[in-house]
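The [4Fe-4S] cluster binding site annotation in TrEMBL covers CYS106, CYS110, CYS113. The [2Fe-2S] cluster binding site annotation in TrEMBL covers CYS152, CYS185, CYS245, ARG317. The compositional bias 'Basic and acidic residues' annotation in TrEMBL covers 22-41. Under the heading domain 'Radical SAM core', TrEMBL lists 91-322. Marked as region 'Disordered' by TrEMBL: 1-43.
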Amino acid sequence: MSTVAEAEAQPLYTFPPPGPLWRHEAKQASNNSEHEPESQQRAKQIFQNAVAATAPRHNWTKEEISAIYHQPLMELSFRAGTLHRRFHSPSSVQLCTLMNIKTGGCTEDCTYCAQSTRYQSGTGLPAKRVETVSSVLEAARLAKANGSTRFCMGAAWRDMRGRKNALRNISEMISGVRAMGMEVCVTLGMISPSQAQELKAAGLTAYNHNLDTSREFYPSVISTRSYDERLQTLSHVRDAGISVCSGGILGLGETDTDRVGLLHTVSTLPTHPESFPVNALVPIKGTPLGDRKPVEFTTMLRTIAAARIVMPATIIRIAAGRKTMAEEQQMLCFMAGANAIFTGEKMLTTECNGWDEDKEMFARWGLEAMESFRKGTA
Ligand code: SF4
């Protein structure tokens, strides 16, 4: 298992370069642009080309993504916001409600998760049975009445092997929510090609399966399933014609290099995920990461902006951790390209910003809820 110190690598390009801090010095330096290191000139060129994009591309190198990710934050966010406006309506934000349909009792060892049985003695979270179809549909109705247009259901399972009855019930939930005119997403762990097809036949819009972090850092976070197994599930989802929702968690102890690595993996898939959730770790007492310090907001913003640039057509979702963000911080994220949030009473096992609070925030800033099955296209 690699340590954070071992994993910490230097960015390919650092900004700003050691140099002038004051205007007169900067002027002098600008007269000496021929002295700008070649690596820095190349990074600028990569960035300029990236923000001029008119279509998504899939052949990014880690070097290019690193050059984008390490741009000065103000410039990075502004340019990401400009690109966002080329691909999306900037005032349109998707409202999703995420319900836990089966809590706790999971056999996996994800070190951030309260639902793993391995940490149950520390977290005290009891395992529950799967929710009934009628209670889930009631929750979806409430979400719709409050303005949510996408309803996501999460179950704490490693995979769906041997869960025929559960899959049948979940298919019924999916059809019921679709009949309300909402988008439906589920996250059930690893699934096989035939299970993906069954979910598609029930009307599933999207399947969530996060990669969490870079391939290199991943073994420090989870040992019970591999990065390749996760990618395989994403490929089964894609092959079944279901939209892919796959993102990461920041604040696990990863480095900038890992965040660049995650962005590289998702942005070089044959088709970009339609949705990329950016989670800030919510440390839960009793889990191995329960004492971690919250990730810096600037890291969150930088990751969102870089994600917007390398996957311009994707919906970028502010996921866990939004509850701790000031309203102005959330707006910076929207300006830099985020265009979806989770809203409602709960987000799996953690607190979530409520519908009323979000409605008021949207009204203050002139944001509007994205309609179902629309991507807020510009
Ligand atoms: S697979 Fe999901 S529910 Fe299970 S421990 Fe990991 S994050 Fe938690």
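Keep in mind that glycine also has a Cβ here, set from the backbone N, Cα and C atoms.
Any TrEMBL annotation is an automated prediction that lacks curation.
On the structure: features taken from TrEMBL.
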{"residue": "CYS106", "record": "[4Fe-4S] cluster binding site", "DSSP class": "strand"}
{"residue": "CYS113", "record": "[4Fe-4S] cluster binding site", "DSSP class": "coil"}
{"residue": "CYS152", "record": "[2Fe-2S] cluster binding site", "DSSP class": "strand"}
{"residue": "CYS185", "record": "[2Fe-2S] cluster binding site", "DSSP class": "strand"}
{"residue": "CYS245", "record": "[2Fe-2S] cluster binding site", "DSSP class": "strand"}
{"residue": "ARG317", "record": "[2Fe-2S] cluster binding site", "DSSP class": "strand"}
If you draw a 10 Å sphere on the Cβ of CYS245 ([2Fe-2S] cluster binding site), how many other Cβ atoms land inside?
29
List, in residue order, those binding-site residues out of CYS106, CYS152, CYS185, CYS245, ARG317 with a Cβ under 6 Å from any atom belonging to ligand 1.
CYS106
If one measures from the C-alpha of CYS152 ([2Fe-2S] cluster binding site) to the C-alpha of CYS110 ([4Fe-4S] cluster binding site), what distance in angstrom results, rounded to a whole number?
20
If you measure CYS110 ([4Fe-4S] cluster binding site) to CYS245 ([2Fe-2S] cluster binding site) at Cα, how many Å is it?
19
Just how many other Cβ atoms lie inside 10 Å of the Cβ on ARG317 ([2Fe-2S] cluster binding site)?
25
Compute the mean position of the Cβ atoms of CYS106, CYS110, CYS113, which form the recorded [4Fe-4S] cluster site, and then list in sequence order the other residues of that chain whose Cβ is within 8 Å of it.
GLU108, ASP109, TYR112, ALA114, GLN115, SER116, ALA156
About how far apart, in whole Å, are the alpha carbons (Cα) of CYS106 ([4Fe-4S] cluster binding site) and CYS185 ([2Fe-2S] cluster binding site)?
20
Name the residues of the same chain, 6+ apart in sequence, whose Cβ is under 8 Å from the Cβ of CYS113 ([4Fe-4S] cluster binding site)?
CYS106, TYR119, ALA156, ILE284, THR287
Other than CYS152, CYS185, CYS245, ARG317, which residues of the same chain sit close to [2Fe-2S] cluster? List them in sequence order, counting a residue when its Cβ is within 8 Å of the Cβ centroid of the site.
CYS96, LEU98, ARG150, THR187, ALA206, ASN208, SER275, PRO277, ALA340
Cβ-Cβ under 8 Å from CYS185 ([2Fe-2S] cluster binding site), same chain, 6 or more residues apart: which ones?
CYS96, ARG150, PHE151, CYS152, MET153, LEU204, THR205, ALA206, TYR207, ASN208, CYS245, SER275
Among CYS106, CYS110, CYS152, the binding-site residues in question, whose Cβ has the most other Cβ atoms within 10 Å in this structure?
CYS152
